[in-house]
Amino acid sequence: MAEAAALVWIRGPGFGCKAVRCASGRCTVRDFIHRHCQDQNVPVENFFVKCNGALINTSDTVQHGAVYSLEPRLCGGKGGFGSMLRALGAQIEKTTNREACRDLSGRRLRDVNHEKAMAEWVKQQAEREAEKEQKRLERLQRKLVEPKHCFTSPDYQQQCHEMAERLEDSVLKGMQAASSKMVSAEISENRKRQWPTKSQTDRGASAGKRRCFWLGMEGLETAEGSNSESSDDDSEEAPSTSGMGFHAPKIGSNGVEMAAKFPSGSQRARVVNTDHGSPEQLQIPVTDSGRHILEDSCAELGESKEHMESRMVTETEETQEKKAESKEPIEEEPTGAGLNKDKETEERTDGERVAEVAPEERENVAVAKLQESQPGNAVIDKETIDLLAFTSVAELELLGLEKLKCELMALGLKCGGTLQERAARLFSVRGLAKEQIDPALFAKPLKGKKK
């Protein structure tokens, strides 16, 4: 007996839902869909079949009264959305903060968590108070406990003993060093004070042999009368060595030139009157130190005093002839008798110092030349003072600003500042050699103008 045909419902795009009867009861889904697509004139490959929302195999038998849905297939694209979906899912899974979410009752989880934490904190309030009170009691107990001191430490006692011994040794060494410095300072101070004492003694011993500067023709006879003996002695010992040269500057109408090379800048020249058979009277500046040096040199060379005098006279006459033609006027320097005495005393002191120098050192004595360029320079050279004769800064201040400036310039030091500053600067180099002076006190050399 033939099986009854099955009646099924088919639903698809474009025709809605309709009932279709199959040819036989054992008809497959593939045959049923293929015949329907032919009737609708659509390709069967563009659909897939679902039954009750699930895909079915096309080889299954058609069920009576079932509803079959034809779902059109979508044309697949290039793809690439899968990677984006995976990245988004990873970000969602990474976060653990769900407080912004809401529970089933609509409350945010953040508020719910805060209420739970507040209830827990209120519940533990009593425990916290008890713990705080316990800590306070423990702190009081620690403060009330007496410290355990140990006063029998052998190491500490040993350290104290060693420190006491080292302190005693250090004090003794310091006292010895201080006493040695005091003794050396007293010795050096005594040595510095010997020079003024010696100069005062020499001043009293040689008061009869005083010499003065020749101020002009009007005072020539007075100078000859008062210093005849000393002039005769000095004229015999006139210097003629290679290290000493003489030039006669023109003074007044006589036309005699007077200049000399000195062993040191601080020594003073003294005038000696010498008669050599001519009506003109020659005046030659001589220093005690130069006389000693020249006598030794003449003794070594075997020259006689007469030969030395004749050579000196010849050189002086030649110089007079040359200077008489030029006729350059030179201002005379007014000098008092008291100033001449002080200068002569300083000359004797300097001469004695040079005389005490060894013979081999006398040959190395520096020779300075008097400059006659300007009257101001002549004043500076002639009035150079002996700093050893001053014992305080106040005495140097009595010299005045200009005199202190000249002395500082002669030493190559800075000459600016007030009267007190100049006097203090000059007093600080008293008795010091040029190498011992602080380099900061020297004046800076003048720089040429840039072209």
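Note that the numbers count up from 1, one per residue, in the order the chain is shown.
The backbone N, Cα and C atoms fix where each Cβ goes, glycine too.
Your range for region 'Disordered', going by Swiss-Prot and the list 128-154, 182-208, is 182-208.
In Swiss-Prot, the annotation phosphothreonine falls on T274, out of T61, T96, T274, T287. From T319, T349, the position flagged in Swiss-Prot as phosphothreonine is T319.
Remote same-chain partners of the coiled coil (109-149), defined as residues 6 or more beyond its termini with a Cβ less than 8 Å from a stretch Cβ, comprise 98-103. Packing around T319 (phosphothreonine) is summarised by its Cβ count: 18 other Cβ atoms lie within 10 angstroms of its Cβ, all protein chains included. T319 (phosphothreonine) carries a helical DSSP state (H, G or I). Taken together, the residues of the motif 'PIP-box' (39-52) have an average pLDDT of 80.
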